[in-house]
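The structure under discussion appears below in the form of structure tokens.
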Amino acid sequence: MTKVLESQKVSLKGEIAIPGDKSISHRAVMFGSIAEGKTTVHNFLEGEDCLSTIECFRAMGVEINRTEDVVEINGRGFNGLKEPSQLLDVGNSGTTTRLILGLLAGTDFHSCLIGDDSIAKRPMARVTVPLRLMGAKIDGRENGQYTPLAVRGHALKGITYESPVASAQIKSAILLAGINAEGKTTVKEPHKSRDHTERMLGAFGVEVESDETSASVEGGQTLKGTTVNVPGDISSAAFFLVAGAIVPNSRIRLQNVGLNPTRTGIVDVLDMMNVKYKIEAERVESGEPVGDFVVETSDIKGTEISGDLIPRLIDEIPIIALLATQAEGETIIKDAAELRVKETDRISTVATELNKLGADITPTEDGMIIKGGTPLHGGNIDSHGDHRIGMMLAVASLITSSKVELERPEAISVSYPTFFEHLAKLSR
Ligand SMILES: O=C(O)C1=C[C@@H](OP(=O)(O)O)[C@@H](O)[C@H](O)C1
Ligand SMILES: C=C(OP(=O)(O)O)C(=O)O
């Protein structure tokens, strides 16, 4: 599919409610499925990735009912999961693949995970290696490095694992396996990654010990069903935060945005780059801080983004790169080699596609150097099947001098199915 995005010459005004957080929606379904009793999830993200998670648990016999953005899960406990008679299809979702592996490892049955062409290229040894240290029997392409992956459920024992990368998917897979293992499981990481697993396990009645760079659980704990109110996804809000800052004469309000400090690296960058914004109506919902953003057209400045800021904004780097093309001065992004193993190699896809529109981005091994102040022109560009690249390019089209043709815009439904509706609502 190709979507023609006319050079809009619009300003952005008005307000939208940001859809539910993808990381939290996945976890609510997973934890509800292994909990005892009913779990109700409000403001569930109806993105394709989260729907893949629902289908995987349905295939393991869990009753899950969905009416618009409310999901009800009738959990029968971890031992209530049944051996699936079909392949578990994770679609495009790395979070589904890695977190589910942690659960499947400790079952008493056989299961097989498969996903799309992008998932087949994403590294899985980062979870199969530590899970095997716990006793897991996992096999797969290239000795368990890539999907399809087959799991023969097995008794697990707790470990202390030092992860070489700051990754919430690695941490969560090990902690979820740890709940069903004998003894204590601890995960240490070089920088703190998002802590939704730790927070939500607490809400489901599991004791988790955590500090700046480690988290531990004792095995043998039971989850109890609960109610989860999913905050809006700051990673989705990021596209409109940048759109509001770069489109002339704009002022928009983004309601209900999650402000978990392990996710607010983008807010630090708004400050560093001189973006005019306010956070209002701050509150806490289901153990997660939430607020509304007001953002307006700004005189942006280049900056340097590196170190422990990276895991706090990893999914926002494509849209931050677009912001940097409109800044005064250069922006340097480093320590972000993880971008190379996302849905696409995001260092390469960001640079290739934005440079087609007139940006000046030099990819480096672990990031990029973005020359600011480059006006953008029209052209034919491609999401490469990556939702975040697709949305970043659609925001870029708001400031191009002529029309943009975007290939594979359908990828956007992975995390933000109402993205184009929201963009139309704000465009004046
Ligand atoms: O745990 C999660 O929900 C996620 C963790 C991050 O991945 P890594 O754990 O690979 O850094 C992030 O990029 C992904 O979109 C969602
Ligand atoms: C990397 C992402 O997700 P996942 O790892 O779940 O595919 C993302 O949403 O940008």
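Any Cβ shown, glycine's included, is placed from N, Cα and C.
Remember, TrEMBL labels are computer predictions, not curated facts.
Taken from TrEMBL, the feature phosphoenolpyruvate binding site covers Lys22, Gly94, Arg122, Gln169, Arg346, Arg388. Taken from TrEMBL, the feature 3-phosphoshikimate binding site applies to Lys22, Ser23, Arg27, Ser167, Gln169, Asp315, Lys342. The active site, proton acceptor feature in TrEMBL is assigned to Asp315.
Spatial neighbours are here defined as Cα atoms within 10 angstroms of one another, and by that definition the neighbours of Arg122 (phosphoenolpyruvate binding site) among the binding-site residues Ser23, Arg27, Ser167, Asp315, Lys342 are Lys342.
Close to ligand 1, meaning a Cβ under 6 Å from one of its atoms, are these of the binding-site residues Ser23, Asp315, Arg346, Arg388: Ser23, Asp315.
Residue pair Ser23 (3-phosphoshikimate binding site) / Gly94 (phosphoenolpyruvate binding site) shows a Cα separation of 11 Å.
Neighbour density around each Cβ, counted as other Cβ atoms within 10 Å, peaks among the binding-site residues Lys22, Arg122, Lys342, Arg346, Arg388 at Arg388.
For Asp315 (3-phosphoshikimate binding site), the same-chain residues that are 6 or more apart in sequence and have a Cβ closer than 8 Å to its Cβ are Ser235, Ala238, Lys342, Arg388.
By a simple count of nearby Cβ atoms, those within 10 Å, the most crowded of the binding-site residues Ser23, Ser167, Gln169 is Ser23. Reduced to three states, the DSSP call for Lys342 (3-phosphoshikimate binding site) is coil.
Cα-Cα distance from Lys22 (phosphoenolpyruvate binding site) to Ser167 (3-phosphoshikimate binding site): 16 Å (rounded to the nearest whole number). Checked against ligand 2, the binding-site residues Ser23, Gly94, Asp315, Arg346 give Gly94, Asp315 as the ones with a Cβ under 6 Å from it, listed in sequence order. Those residues noted as binding phosphoenolpyruvate (Lys22, Gly94, Arg122, Gln169, Arg346, Arg388) have their most widely separated CA atoms at a distance of 19 Å.
Within the same chain, the residues at least 6 positions away from Arg27 (3-phosphoshikimate binding site) whose Cβ sits under 8 Å from its Cβ are Leu99, Ser172, His196, Thr197, Met200, listed in sequence order.
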